[in-house]
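Only one structure is covered here, and it is reproduced in the block below.
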Amino acid sequence: MIDQNLLRTNLEEVAQILKLKRNFNLDVARVTSLEEQRKALQVKAENLQAERNARSKNIGAAKARGEDISALLTEVDTMGSELDAAKVELDKVQAEIRELLLNIPNLPADEVPVGKDDSENLEVSRWGTPRQFDFEIKDHVTLGEGLGGLDFPAGVKLTGSRFVVMKSGIARLHRALSQFMLDLHTEQHGYVETYVPYLVNHDTLYGTGQLPKFGEDLFHTQPLDGQDPNAVQKPYALIPTAEVPVTNLVRDEILDEESLPLKLTAHTPCFRSEAGSYGRDTRGLIRMHQFDKVEMVQIVAPEKSMEALEELTGHAEKVLQLLNLPYRKMLLCSGDMSFGSSKTYDLEVWLPAQNTYREISSCSNMWDFQARRMQARCKAKGDKKTRLVHTLNGSGLAVGRTLVAVLENYQNADGSITVPEVLKPYMGGVEVIK
């Protein structure tokens, strides 16, 4: 959520930035009207409160003099009713303002390039050289099915499209990847491993910005057909990313600045409806309703967040480098960033079968956007004032897409897969999956 004071002091400028950089039309007239109503009701409530307090003091003095106070009591009661009504109206207007604020995207950092979509992202760097094959390249689906490790029909039978069952060496490789990532981040990058719920409530989803704008992208709990109609329905949603529960651990907290940065990592399944992705990546593991991800989250002091973004992105890059997977680093343009981000780097891994780079990690500085929604603050020692923290998150990495990259980049002519060197300790001595 952006700072409401920005709308009060620089409304036209903010509206222009949102239009230019986010293609978002801020309703300036509505914002102005609501702010005028808020001010008027605030003044009215304050005046009524002051007058009521003054009349209440008069009642005490009149009573001490033995005077009839019935008229004064009536006046105070009337003012009390008017004050209550004004407060109700003020709360209503403030709720409308908050709802409006919750639907406004974050303002991009100054260095973020202006652009409409991913075609205008900027390549920052590349690492590694794509392997040259002397045999016909197979995609990960052909490889996985040939090894008996990817069973998409079973996923359809159990649940539906965009689900998969993994078996044998492929399932173990998938597990090895997540363990390797967690070990790297906790042992070398300073993150604390965290286990979190996979179901979260309404407040948690508001805190990180999934609600109210992106409810259709979530899987919500509800009774199945034929279930007892008297069953209690729990108002939960499955997490779309571990960013949601992990970041919300600091919701409504005041952290000691000396304890920052707070660096947390979690391996979880993620659940997404892919509501806007109909017809895209229908083959294979690239776009699933359920996939695993190792997430990195940092909570930092405001002046440290841009430095932290470079560090966090470097941690994601290290995973790819140790796996010897070629990738490129992209700075997202304003039109391709997520709703709550102020600056984002995407890492795109080389997939030989597609002959292109595909996103495998997104690392974002959310600035104080999430912190304001969550009221996550910090305070320096000896300082009475608090300030909002800055939050960052990044994939370190998406496990399923990393599996895709390993299968395709480490394939052999006979359809077997050579296990990357750094994963061998996690594979129980298996060096080739065949």
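For all residues, glycine too, the Cβ spot is worked out from N, Cα and C.
Not measured: the values here are computed from a predicted model.
The L-serine binding site feature in Swiss-Prot is assigned to THR241, ALA242, GLU243, GLU295, SER395; the stated evidence is sequence analysis. Residues or ranges marked as ATP binding site in Swiss-Prot: ARG272, SER273, GLU274, GLU359, ILE360, SER361, SER362.
Sequence features annotated in Swiss-Prot and their locations in the structure.
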residue	record	contacts (Cβ under 8 Å, 6+ apart)
THR241	L-serine binding site	THR268, CYS270, LYS293, GLU295, ASN393
ALA242	L-serine binding site	VAL196, ALA266, HIS267, THR268, CYS270, LYS293, GLU295, VAL297
GLU243	L-serine binding site	THR208, GLU295, VAL297, ASN393
ARG272	ATP binding site	ASP217, LEU218, PHE219, PRO240, HIS289
SER273	ATP binding site	GLU216, ASP217, LEU218, PHE219, HIS289
GLU274	ATP binding site	ARG162, ASP217, ARG280, ARG287, HIS289
GLU359	ATP binding site	ASP346, LEU347, GLU348, ARG401
SER361	ATP binding site	ALA316, ASP346, LEU347, GLY394, SER395, GLY396, LEU397, ALA398
SER362	ATP binding site	SER338, THR344, TYR345, ASP346, LEU347, GLY394, SER395
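Looking at the residues that bind ATP per the record, ARG272, SER273, GLU274, GLU359, ILE360, SER361, SER362, the two CA atoms farthest apart are separated by 19 Å. A simple way to gauge crowding: the CB of SER395 (L-serine binding site) has 27 other CB atoms within 10 angstroms, across all the protein chains here. The binding-site residues under consideration are GLU295, ILE360. Their Cβ neighbour counts within 10 Å are lowest for ILE360. Site extent for L-serine: the farthest pair of Cα atoms among THR241, ALA242, GLU243, GLU295, SER395 sits 9 Å apart.
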